[in-house]
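Shown next, in structure tokens, is the structure this report addresses.
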Amino acid sequence: MEEIPDFWRTEVFHPLSVHFPIALLVVAFLFKVIALRYSRDLWERGGTVLLIAGVITVWIAIFTGDLADGIVSRKICDPTVLKDHENMAWTTAWLFTAGLGVDLLRQLKYPIFNNILFRIILILLLATGTGTLTYTGHLGATLVYQQAAGVYVPSGNCAEFE
Amino acid sequence: MKAKFVNSLLFSAIFLFFACGESTDVVESGTYQGTIQEVEPSKTEIYVETDENQTLELYFSDSTSLTRDGNNVEFSTLKEGMKVEVEVEKEGKRLNPLVVRVLE
């Protein structure tokens, strides 16, 4: 009889880690957008803190995704979707990392960086990053729900659960 | 003027982000010759650029046969730039490498 595999499999660390950057980076972007209208430190500084946490966790998600890739690619029926997911994830990670770089330069308060131009660049980077993040998530969901990537599929009669 | 320049730079950078990703091709089951573009030892994976300029992403399995001059060799033998002949089986859009022969 088939046995239920251990839950703590290498490929499971990716879905466990990936939702942190999704939440943090989207909310960081919203904070920075709100900071355009309301100049309270809460939005500006809060957005920066969220962005730092989001960028750290996005690179952790890239790492766990790379670990999962070596296992999942051998099982799914269309690895080209996984490749697109991977490429889009790298794009997202670099866009937000660049955004964080611009934001930190602004926070240094040197007049050359603390102007409207850098603010626009920051918002453009974060907006594009949020778009690619959304699409990356969509591709990830497609992999799970269409191809059962990383998912244990129980036997027809569920005998292993008895 | 300055803003226009920075904006152009930014959009070029974003375009480059999208353009930099590797893309791979799906081919029919069969035998192909090409050059190893990249080797990923931790995943026992290779990328092969075929003579028709298609990029095949191949994950080795326990049943993949890897040979050189007719003898079985270890995966660590494979290096970038090596000429290889691969026999692949297409399942869905996944390519299973059945045989990989090192040609040089």
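From the backbone N, Cα and C atoms, a Cβ is placed for every residue, glycine too.
As recorded in TrEMBL, the features of this protein are as follows:
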type	residues	note
TRANSMEM	A:12-35	transmembrane segment
DOMAIN	A:13-151	domain 'DUF2231'
TRANSMEM	A:47-68	transmembrane segment
TRANSMEM	A:88-105	transmembrane segment
TRANSMEM	A:117-135	transmembrane segment
Across the domain 'DUF2231' (A:13-151), what are the DSSP residue counts per state (helix, strand, coil)?
118 helix, 0 strand, 21 coil
Give the nonlocal contacts of the transmembrane segment (A:12-35) in its own chain as ranges (CB under 8 Å, at least six residues past its ends).
43-44, 46-48, 50-51, 53-55, 57-58, 60-61, 64-65, 67-68, 96, 103, 122-123, 126-127, 129-130, 133, 137, 140, 144, 150
Same-chain Cβ contacts of the transmembrane segment (A:117-135) under 8 Å, 6 or more residues past its ends?
21-22, 25-26, 28-29, 32-33, 36, 51, 88, 91-92, 95-96, 98-99, 102-103, 105-106
Where does the mean pLDDT land for the domain 'DUF2231' (A:13-151)?
94
